[in-house]
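To keep things clear, I will list the structure first and then write my remarks on it.
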Amino acid sequence: MAPYPCGCHILLLLFCCLAAARANLLNLNWLWFNNEDTSHAATTIPEPQGPLPVQPTADTTTHVTPRNGSTEPATAPGSPEPPSELLEDGQDTPTSAESPDAPEENIAGVGAEILNVAKGIRSFVQLWNDTVPTESLARAETLVLETPVGPLALAGPSSTPQENGTTLWPSRGIPSSPGAHTTEAGTLPAPTPSPPSLGRPWAPLTGPSVPPPSSGRASLSSLLGGAPPWGSLQDPDSQGLSPAAAAPSQQLQRPDVRLRTPLLHPLVMGSLGKHAAPSAFSSGLPGALSQVAVTTLTRDSGAWVSHVANSVGPGLANNSALLGADPEAPAGRCLPLPPSLPVCGHLGISRFWLPNHLHHESGEQVRAGARAWGGLLQTHCHPFLAWFFCLLLVPPCGSVPPPAPPPCCQFCEALQDACWSRLGGGRLPVACASLPTQEDGYCVLIGPAAERISEEVGLLQLLGDPPPQQVTQTDDPDVGLAYVFGPDANSGQVARYHFPSLFFRDFSLLFHIRPATEGPGVLFAITDSAQAMVLLGVKLSGVQDGHQDISLLYTEPGAGQTHTAASFRLPAFVGQWTHLALSVAGGFVALYVDCEEFQRMPLARSSRGLELEPGAGLFVAQAGGADPDKFQGVIAELKVRRDPQVSPMHCLDEEGDDSDGASGDSGSGLGDARELLREETGAALKPRLPAPPPVTTPPLAGGSSTEDSRSEEVEEQTTVASLGAQTLPGSDSVSTWDGSVRTPGGRVKEGGLKGQKGEPGVPGPPGRAGPPGSPCLPGPPGLPCPVSPLGPAGPALQTVPGPQGPPGPPGRDGTPGRDGEPGDPGEDGKPGDTGPQGFPGTPGDVGPKGDKGDPGVGERGPPGPQGPPGPPGPSFRHDKLTFIDMEGSGFGGDLEALRGPRGFPGPPGPPGVPGLPGEPGRFGVNSSDVPGPAGLPGVPGREGPPGFPGLPGPPGPPGREGPPGRTGQKGSLGEAGAPGHKGSKGAPGPAGARGESGLAGAPGPAGPPGPPGPPGPPGPGLPAGFDDMEGSGGPFWSTARSADGPQGPPGLPGLKGDPGVPGLPGAKGEVGADGVPGFPGLPGREGIAGPQGPKGDRGSRGEKGDPGKDGVGQPGLPGPPGPPGPVVYVSEQDGSVLSVPGPEGRPGFAGFPGPAGPKGNLGSKGERGSPGPKGEKGEPGSIFSPDGGALGPAQKGAKGEPGFRGPPGPYGRPGYKGEIGFPGRPGRPGMNGLKGEKGEPGDASLGFGMRGMPGPPGPPGPPGPPGTPVYDSNVFAESSRPGPPGLPGNQGPPGPKGAKGEVGPPGPPGQFPFDFLQLEAEMKGEKGDRGDAGQKGERGEPGGGGFFGSSLPGPPGPPGPPGPRGYPGIPGPKGESIRGQPGPPGPQGPPGIGYEGRQGPPGPPGPPGPPSFPGPHRQTISVPGPPGPPGPPGPPGTMGASSGVRLWATRQAMLGQVHEVPEGWLIFVAEQEELYVRVQNGFRKVQLEARTPLPRGTDNEVAALQPPVVQLHDSNPYPRREHPHPTARPWRADDILASPPRLPEPQPYPGAPHHSSYVHLRPARPTSPPAHSHRDFQPVLHLVALNSPLSGGMRGIRGADFQCFQQARAVGLAGTFRAFLSSRLQDLYSIVRRADRAAVPIVNLKDELLFPSWEALFSGSEGPLKPGARIFSFDGKDVLRHPTWPQKSVWHGSDPNGRRLTESYCETWRTEAPSATGQASSLLGGRLLGQSAASCHHAYIVLCIENSFMTASK
């Protein structure tokens, strides 16, 4: 409704009246209702007697007594006594008779009232300008609302507006907030404020001002963040208006506004201007209901408001926004709510205002008006229907005005749209046009927050659109669109996206399902956030004896497990389409089967509702982790409705309505989900467009508010009944439903298949008009009258005509007219002109679907008007829900249909049709047409310009003598006076204080030598290692302080110091008494010499002081060399100290075992050498002063005799393989030798035998050039016996012929553990042509250096004749070498050891191995095969293209050329000493062990991590993983052998060739090299650490187990690794398989022994580690040395016996809170199960244990 053009005049008048009413200066009853009883008005608002000062009202209190209390309320002024007709329901008490001359008195008093108003305005404005600060309003702009339940409070202006509030709607069951004090009598003193002003919201206010929103309609959503916008209403009493007992004790309380979460409110106030400062009054609903707030929106009404604001102050400007209905001081009464209206009492309304917004002035009129709403209120067709009803008939109020505003016209239209099918004639009992519009201002409408409130949630919303991939969509011939759920279906969502945090108290669940199996299954479930129990759900049991149960799962808050609230047993319906519905209302639950009530059972539940956590889950066809049973079958419909009533139209398929193709708000039903019908959901909350003028009778097939048409459904000889009509008081209409056709037996008659949609039929004839309605309805509109567009009462609701008497009692509602008979279907013809749109008619009974009609003929009609905006559709969030627990979450990983934000506002609708001009209005307050008296005096004008200065006035009389003045300030200093006479000599003064000591004098001449000084502190020890063996005079510093030795003889006197600079002369000091002997001071640094001073007197010599303690400072001057002191040996590892006292060096103790070097060949025992001659004494060393300067030569002590030889140390670990050197120069060619005879093969069955001494070298053959090296898998073999040479391979392809090189003589076997013969054979080029046999040549000259320089022999010569077959050797581990290109295929060998591998291609011919010596050694060996005949010698080939290794000096150089390196080649960067391997599309770094110093005798070995080699044989499909022997030296010297004893290794299968030099690589799948490989036949369990430390928050034991599994797989470990942790459900001891606990050793990643068995670890001694034990991570890092683990502690959560400690495992390893603790052990203490509770925020080592030894998987 557009504002009236002439409303400004009355607005100005009301503005003045409002200000006066604010100051209690004026009674405005005459303005609003000229027929009001003045006796009531006199007690309500006292009239002023002249201008009265405005008094603050904060000190006036109103004692409000609970309604059931016995104490009468002590009512303050402004709180009238309620009339008797409302105190007792059902008894009509006659109202006070009005005096017949009341109108005349009213007219006569207008002039006096106006004069009083004018005077009051002047006083009030002046007082307001002087007392109200501008910033007081700004502080009152922020709204703080109480949630979830709180009273509706109005904050009125007082001396402290922020501290004042009057409770309007008291809440029930809320604890008293601070500041609310209850007396012994049960009353609560509360301040009585004045009515609220514009800027003061109707709730307690705190904080700074909020900038106003820019839209015309505002809500709290713009201010209060993104909390879920939900307002939940309690269902009204099922009996409607039946009398109810008084509400329980209620107290008016001040709301607690602290620590609350504000809500977005669904009901807001309309606003006119562009700038609206939102404010709200909140409703505290009883019980556990959520809050529904009505938000008042103030606005800027135009320039005149700002003008008044500038004139009278901000408070008055704010008051101007509420003009229109003048909510602050209307004439009326605030009365207690009668018990006959429990529907409003449930909303928290305890008092209401009369007259209401329908101008009812008595309780009887209110009850009569409420009868027309009785049936509609029971339908719950709109979520805010009860609010609309109560705001209209019983507007809530406090003890003082104003009442709550009326609902807006748009609110009314939204109700009419949602409830049209439940209305008789499609109309509400009130005309929406009679209510103010949103643009008019002071009214309540539905805000944006209500658009997300869903009264019904359907299947497609719960599944998402599109549904998850595991849920398939089908088109069933019986029901249409349906969804198939299999065993893998997953459809979890967050419940709070569809339901409020406080779930519906009463509700219904509707299903249309067809089970596919006889097993149990959950149809629907809402779980807690942990998915531990089902809060609400429906479950089908398994079929037993032809029956199955349907259970309602309803778990009360605080319960520990899922509770079955009710269970119904019915015949099994597997494979049958069945309608099921559960209705939960109050204390009962009812089951409906195929639309008939099957059984009703009591439901025991508390008054508390279901609180849904933020992470609560919502599932369809399952219950997530709370229940493993999943429903398997087809679901066509699933609805969760807030309405507990289950009607046939909800239960049955709406087959006749093709436009209703969806179930729920967003649809999941049988038609197009995009078309939504809102007739049942009540969710079409957006206001519709203004409807055209109604016709007399609605058509039979009308249009929905969101659909263009409904299909025609006509059944012959059937009367169309009103859908959902209820029997209203005083009417005879019968409640009927038109759901489906029923047979005489009462069963539902199933219809046939759906046909196609027919064309709309011809509208039937209009029905007969009904009898006239209530006389209270407004008449036709009149001409615009001077009325404000702001207010809800008075002319804004209904135009008040001229003088008329008070309205009589309302008549009874007329019975609705009968619906017209349905017309016969007309023949299809050309469509006629479009007629006026009629009201939607009631749907007829469901009839059979007709055939689709022919399309109409004719031109296309004009487009219809734009429809209202549709309901919000589901939005889809593409991010997946993340849940903490890794043990399995029922939430789906698919796109989830989560409700999205509100869309943009739609385009403005078309302008309405202008109304007819009304009759000229009359002045509404006089009884005649004569003009009224003069108006009020105007507001004071602006300040005029200053006048001319006046003439000076006459002098005034002399004033009285003033009070004495204050004492003056001190004057300034005067000038200096004349000098005085000389005084007499004074008495001698007292002795002065003793002066400070003078500066130190200059050093005197050198005195005689003094006695020897006291012994100094012990000097530092000597280091464990000496650079020169003869000793040095310089200082030595040890790594640890030695023990104090015996006192040595006194040292020589020190050198003479330099003379100092002369110091200033000082006064002679008095000789002091001898002081107490002090401790020797620390030597200080030499200071700057002062000037020479006078010589002081020599003091007496003090006594010798005690020896001082060790000081901290610069070292003193060293003394002269003394006799030889003790030589101290300090261990570099553990800091232990060994010393040998005595002047001369005696033979020392046995030294610590040195690091293990590589095991060499067995040499002959050498004789003990004699000690070398003693060297000459060196030059004396220098002596240094504290500042670093050299003072003089020092003397060197004599060297002691060499000590005895210590015992032999333990065997060291084998050394690392050396780097591959470059090929040496080819030797001089020799003569080809004669072919030797074939040797006899060795007998492999004899076991391992000793090999004989090597024979003389054979004649050299023609050497070939070295080719590309290949990988040698047996570089470090563990066996002590060499094997015979392998089988010769097939002849390789010929290579390019090279120049003939010189042949060098073969050198003796070297000491370096490398197979040079094999390497050379692998580096050969392609075989050349066969040469002629030559004579034996002379011995060639020695070669000029081998691979590693001239100190080593050159490479072996060409292969000689094969020798006799030796005994087979033990296969050694894989060694570090160069991975070459695959050679040509060799012949298939016999099966190897272990599981059969796949057959590989034949290898290249292998040369015989170099001679070896008997006994243990580290020479490379091969698994021998029977010797074959040697191939014919070829001509020398050219030099190979490459050795398979590329060297670069820097990493930058490597990055520039690495793309040129073939895949599989090794790359060495000299600058960083790093090794890389070229892989597909990049390169990978090879992890190396720590550097090992070269042992004596070798100078070319370097540590290298042995990369894995996977050998594939044609007959073995499983890869064989070789076991690298440990090659690192021990990290500390101890008595542990570097090579721990290994378990016995079985010998290989007889005759199995070991393809040690051939590697089959898979070029298509380059993988990262595993850090470990292990033999199949060795039973061990590995204990390995994760690659990075973890805090106590590991996402549970399953999260840690998963990381162990994942990282073990990444390095090629196929066993099952579990975290070395105790948890809530497992002890650490029980992780390893029972069969492997007693005898299987525990080793690290390098197979170094850690514990002899799993049980030995839990012997109660906290798992002591052996000295030198190492623990590696999966990527090969030593956790005790690597900086990745700064804290060397291990999580375990166990006691020493491996049992879990429930108080110390970081809350099942799920938290990293500093306050939580977990049991850990420090590895620095040498124990794996040490008992130390540490904070869970620390990042410690997490170990993984292989829980069983599985040979086949390793």
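Including glycine, each Cβ sits where the backbone N, Cα and C put it.
Note that the structure is predicted; figures quoted are calculated from it, not measured.
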Students should find that the region 'Nonhelical region 4 (NC4)' stretch in Swiss-Prot, chosen from 470-492, 539-561, 1022-1044, is 1022-1044
In Swiss-Prot, the entry for phosphothreonine among THR296, THR696, THR718 points to THR696
Feature O-linked glycosylation site, as given in Swiss-Prot - residue among SER171, SER215, SER889, SER1351 | SER889
Could you identify, going by Swiss-Prot, the member of CYS334, CYS344, CYS419 that forms a disulphide bond with CYS381?
-> CYS419
Going by what Swiss-Prot says, which of THR75, THR1420, THR1567 is noted as O-linked glycosylation site?
-> THR1567
Determine, on the basis of Swiss-Prot, the cysteine among CYS390, CYS397 paired with CYS344 in a disulphide.
-> CYS390
State the residue range annotated as region 'Nonhelical region 5 (NC5)' by Swiss-Prot; the candidates are 134-147, 330-343, 1128-1141.
-> 1128-1141
Counting by DSSP, what is the helix, strand and coil composition of the domain 'FZ' (329-446)?
-> 45 helix, 13 strand, 60 coil
The correct DSSP tally for the compositional bias 'Pro residues' (946-961) reads 0 helix, 0 strand, 16 coil
Mean pLDDT across the domain 'FZ' (329-446) comes out at 85
Helix, strand and coil residues within the region 'Non-collagenous domain 1 association domain' (1456-1501) as assigned by DSSP | 5 helix, 16 strand, 25 coil
